[in-house]
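Visitor: According to Swiss-Prot, the protein carries these features:
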type	residues	note
DOMAIN	19-206	domain 'MHYT'
DOMAIN	254-317	domain 'PAS'
DOMAIN	402-536	domain 'GGDEF'
DOMAIN	545-795	domain 'EAL'
TRANSMEM	23-43	transmembrane segment
TRANSMEM	57-77	transmembrane segment
TRANSMEM	92-112	transmembrane segment
TRANSMEM	122-142	transmembrane segment
TRANSMEM	152-172	transmembrane segment
TRANSMEM	186-206	transmembrane segment
TRANSMEM	224-244	transmembrane segment
Amino acid sequence: MTLKERCVFKLLTCLTTQHDLRLVLVASAVCLAGCFTTFRLYSRMRGARGVVRAAWLLLTGLVAGSSVWATHFIAMVAFTPGLKTGYSPTGTLLSLMIAALFMASGFAVASAQRSTTNDFAGGVLIGLGVAAMHYMGMSAFVTQGQLVWEHATVGMSAVLGVGGATAALLLAGTARTIRRQAVGGGMLCLGIVMLHFTGMSAITIVPDASLTVPDQLLSGGMLTLAVGSITSMIILGGLGAVAIESQTSRSALERIRRLANAAYEGLVVVQSGRINDANAAFCDLVGAPLAELVGRPLFGEILTFDEADPSREDVRREGRLRPLVGGREIPVEVFSRLMDDGARVETSGLTVLAVRDLRERRAAEEKIRYLAEHDGLTGLLNRNSLQMRLAAAIDRVEASGESLAVICIDLDHFKEANDQHGHLAGDALLVETARRLQSAVQAPSFAARLGGDEFIVVQIAGGDQPAVAAELAGRLIEMLAAPVPFDGQELAMGSSLGVSLYPDDGRTAEALMANADMALYRAKESGRGVYRFFKREMDDTIRERRNLARDLRQGIADNELIVHYQPLARAADGEVCGFEALVRWKHPTRGMIPPLDFIPVAEENGLIEALGDWVLRRACADAAAWEKPLRIAVNLSPIQLHNPALPTLVHEVLITTGLSPSRLELEITESALFKDYQRALDNLRRLKALGVRIAMDDFGTGFSSLSTLQSFPFDKIKIDKSFVENIHRHDRATAIVRAVLGLGRSLEIPVVAEGVETEEQILFLRGEDCAELQGYAIGRPAPVDALTMWTTAGDPGAIAPKSKTRRSA
């Protein structure tokens, strides 16, 4: 009979003839429960770090050791040799300590690194521990006989124990699942049971009457009670710890999942390139429930990158996410990181990826880019984009041989619409202009807005110039001439155009735009509603006016302007009763510049309102300082008259300067009224309510004068000097002056004669009951310092009529 056969025979004989099979089953059940609990604890120990790991390891070793120990001694109680037996307390307890120590050491080695070598080494330690515990326990066994050991069978038992423990660790692996825990526990239990009963079959008891069993030894019943109690408490404690930890982990996991699902970003956990878990946001992005995603490959199928290693840690990159249920690819930003909570290693090999949907960001970036390149109101290219596009267009035509024209456009009636109807009306004109320009040009030509009411069209065409540009310019003039409906009325439109051609008028974007602007300036001088091509002779003239406009703007800011005052005298006695404020400009290098030179420049360049406001403030401040309460007359430009803020400005100036409202006289022309008749009358009524006097200037040169006098109670009428200077020279002029003076008497409106230059004119006007006189015959315009003879209290203020025939300013 071979050794194997002999061992099997002795094992079966030992079990069937020397053991109580019921207790054998109990021992096996205790062993199985203990081993299963051991692997439950082992899985927790592998998933922990630091002090927590050490605590789980200690508990694992204690439960495993007590399970082996309990199995051994319950099986020993089942052993019935037919002799009196007992157990040494010291040896019994020492065997428990040996079992716990070896078990803890074996599991520590197995979990130190995830490898077959570690599992094998740990299994050997555990198997040897089971053998050491068994034979230490056998040393605590006392009976009335001599124990004879069969060493080959003893060796076989140790091999079975080591083999069972090693197989258990190899099969269980990390023991993450219940199934693996059950397999590992069952295999370890089998190894323990096989070692025990094989070892028991290795002994033969030779009865010896001389040997006695001391009464102080543990009996079988006492041992069963002690072992059962201790082992039950340890195993139940281990199971309780596992249950508590599992519940805690589930609660924490649920909290984490809720937080993850509340996150705006998609979160996905990947292991070996496959989806392990994901939050609700990621599922929504992919368009599939979590159950369909788990186990699917993430990279390549759902998420693609340009990088070769998409799961590299702590790298932020952009990629494309492909929804599972159709739809367009979604641009995403992905940040990946290895999972590590600082205490657990269950996440070993797992990578968490935060996936952010970039569609809104891309849309916002595109909008920002669009706004940076386009005008916010009209949607046309803005000035910066125009420069780049025009430079690119020049490169294109240089290579292709096409022709290029730059057309500068200015709206003729924009300012009037803006002033009369408000900014909404102005915006409506700009938007409609942009729409018409876009409909008039086709790619590769394009339109842009420079700012205000200035637009640019860049024409790229294949025809001959200037014919092609002239055709487009004429078409634009016609298109922009049609009125624009707004708020139940039609706003007047119209435009002036300046055209420059490449390369004749410039080879750079800056030169072409500057020359087109000069041509536009000439078009506006020609009466508007026309287009003009750039010509070299325009350059010097227009540049001079541009320089003058620039200097005037700076001059207003630097207080280079001064106000001269021309006296007005009562016709009856010649006493000065007031002054008219007349602006003068003393240029730092050019000297005095006549008003006829810089006033038109101010009107053309939008400076007239600022100029008028400055004169109003300066004149009121000067007049407030005079000792005599003489009146001060200030001219209002049409733009000022139609500005809704004019009454507020006048009120503020009067308060600031301290000038009495009755001393301020505002002069307007008839032509200024009719640009927006109703708004002008509203402003005049508000000014009258302040106590300010209103005079109609240049009476007789406009139209509908009588209806104007009927509509508003003017305080004064000023006869234009073109009639006064022809008194006694032309009968019609004399008759007109006499008629106006008669009209003033009938309406009880004082009349002032402008441009009085001779004594003969003074005598005629005095004879016709003219109220006041103004002109060189009365006094020249002079700075405020030269007025003291009239403005100082106590001075009679009368002037002697002059016969010099000079033109008044």
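These residue numbers are counts, starting from 1, taken along the chain as shown.
Placed from the backbone N, Cα and C atoms, the Cβ positions cover glycine too.
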Visitor: Could you pull out which residues elsewhere in the chain have a CB under 8 Å from any CB of the transmembrane segment (92-112), counting only those six or more residues past its ends?
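Guide: Residues 38, 42, 45-46, 57-58, 60-62, 64-66, 68-69, 72-73, 118-119, 121-126, 128-130, 132-134, 136-137, 140, 165, 169, 218, 223 contact the transmembrane segment (92-112) from elsewhere in the chain.
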Visitor: Against which stretches of its own chain does the transmembrane segment (152-172) lie, if we need a Cβ under 8 Å and a gap of at least six residues from its ends?
Guide: 3, 7, 10, 35, 39, 42, 106, 110, 116, 119-120, 122-124, 126-128, 130-131, 134-135, 180-181, 183-188, 190-192, 194-196, 198-199, 201-202
Visitor: Where DSSP helix means H, G or I and strand means E or B, what are the helix, strand and coil counts for the domain 'GGDEF' (402-536)?
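Guide: Reading the DSSP string over the domain 'GGDEF' (402-536) gives 56 helix, 40 strand, 39 coil.
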Visitor: Are there residues at least six beyond either end of the transmembrane segment (23-43) with Cβ under 8 Å to its Cβ atoms? List them, or say none.
Guide: 15, 56, 59-60, 63-64, 66-68, 70-72, 74-75, 77-78, 103, 107, 111, 168, 172, 174-176, 180-182, 184-186, 188-189, 192-193, 228, 231, 235, 238-239, 241-242
Visitor: Can you work out the mean pLDDT of the predicted model over the domain 'PAS' (254-317)?
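Guide: Result for the domain 'PAS' (254-317): average pLDDT 75.
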